[in-house]
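A quick write-up on the structure given underneath.
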């Protein structure tokens, strides 16, 4: 199975700061998908097919990458972006998730 390693595990950003988190796959995958989860809620699909934003996701979010290296970027951190972000692949069975990047707001 394909192992997804997310970095950093925990990070914080000030309002307006650019944020980048990465997801590294142990083998090449065709696409990467990202989910956002806030405490006490179910994960929401956030970015799919590497770079497509799910409905309602602000344009300050973007996704990029290929093969074994992928990233999620927020151009300008906002308070509501504080959450845990998970990458996921389903190019190869079984479907696998990364362990998550927890993003906190620095005030």
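Any Cβ shown, glycine's included, is placed from N, Cα and C.
Cβ neighbour count for residue 87 (disulfide bond) (all protein chains, 10 Å cutoff from its Cβ): 29. Under the heading disulfide bond, Swiss-Prot lists 23-87, citing sequence analysis as support.
For 1-23, the entry in Swiss-Prot reads region 'Framework-1'. Long-range Cβ contacts of the region 'Framework-1' (1-23) within its own chain (Cβ-Cβ under 8 Å, at least 6 residues beyond either end) map to 29, 32, 34, 65, 69-79, 81, 85-89, 91-94, 96-107.
Within the chain, the region 'Complementarity-determining-1' (24-33) has long-range Cβ neighbours (under 8 A, six or more residues past its boundaries) at 2-7, 45, 47-50, 63, 65, 67-70, 87-92. Among the features that Swiss-Prot reports, region 'Complementarity-determining-1' is placed at 24-33.
Long-range Cβ contacts of the region 'Framework-2' (34-48) within its own chain (Cβ-Cβ under 8 Å, at least 6 residues beyond either end) map to 23, 54, 57, 61-63, 72, 82-88, 97, 100. Swiss-Prot lists 34-48 with the feature region 'Framework-2'.
Here Swiss-Prot flags 49-55 as region 'Complementarity-determining-2'. Taken together, the residues in the region 'Complementarity-determining-2' (49-55) have a mean pLDDT of 99 on the 0 to 100 scale.
DSSP states for the region 'Framework-3' (56-87), grouped as helix (H, G, I), strand (E, B) and coil, give 3 helix, 19 strand, 10 coil. Among the features that Swiss-Prot reports, region 'Framework-3' is placed at 56-87.
Same-chain residues lying 6 or more positions outside the region 'Complementarity-determining-3' (88-96) and placing a CB less than 8 Å from one of its CB atoms are 1-4, 25, 27, 29-35. Here Swiss-Prot flags 88-96 as region 'Complementarity-determining-3'.
Annotation source Swiss-Prot lists region 'Framework-4' at 97-106. According to DSSP, the secondary structure content of the region 'Framework-4' (97-106) in residues is 0 helix, 6 strand, 4 coil.
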Could you tally the C-beta atoms, other than its own, that fall within 10 angstroms of the C-beta of residue 23 (disulfide bond)?
27
